[in-house]
Amino acid sequence: MTAQTDLQNPLWTALVTPLTASGQPDLSSLESLLREQENAGNGVLILGSTGEALNLGESERKLIIDFTTSLNLDVPVMAGVGGHHLPDIISWLCYLETKAVDAYLMVTPIYAKPGPEGQYNWFTTLMDFVSRPVMLYNVPGRTGTSLHLETVERLRNHRNFWAIKEASGSVEEFRRYRSAAGDALVYSGDDAMLPEFAPHGAAGVVSVAGNVWPEATRLFCELALENQLSEIERSFWQEASKALFVASNPVPAKALLCAGERIRTDEVKLPLHRDDMVRLEYLRSVSDQVTDWHAERSRKPAEVR
């Protein structure tokens, strides 16, 4: 797709990066996963943390971008932009600006823990440089610091400020970001939290679960946004979502995709390791339950049971 086309998709799947047994990007498996998302109507985030972007080399990342954009998918594509060395990130953005990428996900700088002024100048530098909409990413559990509300308020009128991915896990924090963001959209960065965030203005979710259950997660997302999930369904989806974090993400998702022969290997890049996945049978059981839920729920009207 082209920039600024259909970006208000309620579900963006933070896609895993399939690898060969030797650790190289597996383009055949990648296309299969991308087509699954396209068929479900989900937006696609490539090279986020779920896509192991910081563990991939520049040539590998470029290969993934080149291949993904060559497919001319009928759903929007967002590319992850992260790190802490500004010249490297500007160089990466120079490359991305030449590709058919629809939007960027920009995370707060890792390790440095910048304050409001540092964050504001960092994001302003990056957002001034690009021509595509930007989703800012608040994930203090990974970066070591939160996206400051003061920074959001100062950026709210920037021409490229499109959305926030909010992954603090706090309803109160979500409400603060929703208030600070002005006309920008705010997405849940956690599948399990979407039903809690939806009444407070969530636009949707940037999802890990969408990797393994693209159509079921789409239905879950739509029902959550319409407040049509029963309490039992909310609890069920909390368990299903959390099952994908029994080891470091994306190890469980890749294990399940490989077990279902949807990707050829469950390889991950160091420092992650596939042997950290020790509860595969539990995960497969949960996955079977999600499949059953989707089959049953698809036949019923969107009403609270």
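For all residues, glycine too, the Cβ spot is worked out from N, Cα and C.
Listed in TrEMBL for this protein:
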- TYR137: active site, proton donor/acceptor (ACT_SITE)
- LYS165: active site, schiff-base intermediate with substrate (ACT_SITE)
- THR50, VAL206: pyruvate binding site (BINDING)
- SER49: site 'Part of a proton relay during catalysis' (SITE)
- TYR111: site 'Part of a proton relay during catalysis' (SITE)
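Location within the structure of each feature annotated in TrEMBL.
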residue: SER49; record: site 'Part of a proton relay during catalysis'; Cβ within 10 Å: 24
residue: THR50; record: pyruvate binding site; Cβ within 10 Å: 24
residue: TYR111; record: site 'Part of a proton relay during catalysis'; Cβ within 10 Å: 10
residue: TYR137; record: active site, proton donor/acceptor; Cβ within 10 Å: 26
residue: LYS165; record: active site, schiff-base intermediate with substrate; Cβ within 10 Å: 27
residue: VAL206; record: pyruvate binding site; Cβ within 10 Å: 27
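Put simply, of the recorded positions SER49, THR50, VAL206, the one whose Cα is nearest the Cα of LYS165 (active site, schiff-base intermediate with substrate) is VAL206. On the backbone, the CA of THR50 (pyruvate binding site) and the CA of TYR111 (site 'Part of a proton relay during catalysis') stand 19 Å apart. Across the structure, VAL206 (pyruvate binding site) and TYR137 (active site, proton donor/acceptor) are spaced 10 Å apart at their Cα atoms.
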